Amino acid sequence: MKTLNLRLPTHEYDIHIGRDLLHQLELIRPHLTSEVMIVTNDTIAPIYLSAVQSVLADSVPRLHSVVLPDGEMHKTLDVLNQIYTALLEHNFSRRCTLIALGGGVIGDMTGYAAASYQRGVKFIQMPTTLLSQVDSSVGGKTGVNHALGKNMIGAFKQPELVLIDTKTLNTLPDREFAAGLAEVLKYGLIADADFFAWLEQHWTDLLERDETLLTEAIYRSCALKAAVVIEDETEQGRRAILNLGHTFGHAIETFTGYGQWLHGEAVATGLLMATYMSALLGDVPHTLVERLNTLLLQAGLPIQSPEGMTRDDYIALMARDKKVDAGQLRLVLLKDLGHAIVTGEFPVETLYQTIDHYQS
Ligand code: NAD
Ligand code: GLY
């Protein structure tokens with residue numbers, strides 16, 4: 001097992017990464033209270049819920065679970081209400097603990113429920129997708145979507161513990177696995193050129209889900225994310241670099257309707273567009289675009305915009321991005337491999353050229 005500690009000024013927590021961790025009560029026990037609600041969905045529940053319940057049963061007098069419908073289209077205030085209802089039906093108090101057992105959708109919704117139920121209760125992340133293990137379970141961003149924009153309702157709420165059980169990846173569908181790899185590539189691009197080269201070197205084995213390499217990739221991704229979060233927990237500046245490719249990606253997700261393209265797939269195309277735009281601006285070589293293109297293709301990730309998505313669609317949807325400041329669109333771009341910046345300083349023609357280049 002590998003462990004990272006994320007230490008913020010007012011809160012710190014461990015991120016444990018290893019095989020079979022969901023069964024290791026001694027890691028969870030220090031964070032348990034007498035009332036625990038496991039939040040999961042109807043895909044994950046049949047595979048992992050009873051195992052987690054039986055690990056906790058003897059230690060938690062009031063243990064309950066709530067099973068939400070699976071899917072990004074259910075990441076809404078309406079479905080979130082089911083968590084509050086379950087908590088209230090069981091008379092859970094402010095001393096309860098929520099456990100998010102699932103991917104990023106479950107993690108984001110459970111975290112937001114924890115931030116808001118009775119003005120705030122504790123929660124634990126047990127991420128079960130690669131994407132949630134390398135990204136969404138770490139750093140405290142929580143929330144739900146609105147029909148007019150992704151993740152538009154939310155709060156910062158840090159967990160008490162992140163328990164990454166790499167064995168859960170064995171049941172993850174290929175498409176979801178590849179989507180997680182897009183976020184892994186992101187860390188190399190924004191913060192660590194050596195990690196990007198390491199990923200290139202081991203890409204074939206990572207695609208085969210080699211467990212040792214995967215554990216290393218998850219550990220390095222979490223470490224890179226934690227370092228950025230420690231510097232800027234509430235995204236006053238630097239944290240925005242974690243959104244490389246996401247302004248394009250969120251536009252794609254909203255255009256296609258939540259759930260058509262996976263988040264990581266939209267991020268994959270977004271990473272390519274941001275890297276291409278950085279190359280047009282002369283900050284990275286075009287060979288980097290080709291290297292990234294090769295990795296995405298090998299992983300079966302999309303490398304073009306959705307059919308029918310025009311320049312106007314992008315511009316309209318990107319205008320709603322959270323990085324828009326006083327009406328000015330700001331993008332995360334690369335100054336070099338391993339060095340990202342947030343900037344509003346780019347010729348709009350370069351943005352148009354990028355969008356046009358990736359039209360299908
Ligand atoms: P997801 O939560 O929808 O999970 C993907 C699919 O895999 C679902 O059908 C799920 O039921 C299934 N699944 C999960 N674990 C499984 C397992 N072990 N075996 C079999 N099936 C399994 O998607 P995701 O990619 O994990 O997360 C995407 C979400 O995360 C988006 O809503 C995105 O906005 C959010 N996100 C949040 C942050 C953050 O910082 N909070 C960062 C990145 C992404
Ligand atoms: N996924 C972006 C962030 O956590 O800031």
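Cβ coordinates come from backbone N, Cα and C, glycine included.
According to TrEMBL, the protein has these features:
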- 70-75, 104-108, 128-129, Lys141, Lys150, 168-171: NAD(+) binding site (BINDING)
- Glu183, His246, His263: Zn(2+) binding site (BINDING)
- 66-178: domain '3-dehydroquinate synthase N-terminal' (DOMAIN)
- 180-324: domain '3-dehydroquinate synthase C-terminal' (DOMAIN)
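Structure with TrEMBL features highlighted.
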residue	record	CB count, 10 Å
Asp70	NAD(+) binding site	18
Met73	NAD(+) binding site	14
Gly104	NAD(+) binding site	25
Gly107	NAD(+) binding site	30
Thr129	NAD(+) binding site	28
Thr168	NAD(+) binding site	25
Thr171	NAD(+) binding site	12
Glu183	Zn(2+) binding site	27
His246	Zn(2+) binding site	27
His263	Zn(2+) binding site	29
Inset, instruction - Rounded to the nearest Å, what's the C-alpha distance separating Gly104 (NAD(+) binding site) and His263 (Zn(2+) binding site)? Just drop the number here, would you? - result: 10
Inset, instruction - Using His263 (Zn(2+) binding site) as the reference point, find which of the binding-site residues Gly107, Thr168, Thr171 has the shortest Cα-to-Cα distance to it. - result: Gly107
Inset, instruction - For the recorded Zn(2+) site formed by Glu183, His246, His263, name the remaining residues of the chain with Cβ within 8 Å of the site's Cβ center, in chain order. - result: Leu131, Asp135, Ala182, Lys186, Gly245, Gly249, Gly264, Ala266, Val267, Gly270
Inset, instruction - Give the distance between the Cα atoms of Thr168 (NAD(+) binding site) and His246 (Zn(2+) binding site), rounded to the nearest whole Å. - result: 26
Legend entry - Residues of the domain '3-dehydroquinate synthase C-terminal' (180-324) by DSSP state, where helix covers H, G and I: 104 helix, 0 strand, 41 coil
Inset, instruction - Give the three-state DSSP assignment (helix, strand or coil) for Asp70 (NAD(+) binding site). - result: coil
Legend entry - binding-site residues whose CB lies under 6 angstroms from ligand 1, from Asp70, Met73, Gly104, Thr168, Thr171, His246: Asp70, Gly104, Thr168, Thr171
Legend entry - Rounded Cα separation (Å) that holds between Asp70 (NAD(+) binding site) and His246 (Zn(2+) binding site): 23
Inset, instruction - Have a look at the binding-site residues Met73, Gly107, Thr129, Thr171 and say which one has the shortest Cα distance to Glu183 (Zn(2+) binding site). - result: Thr129
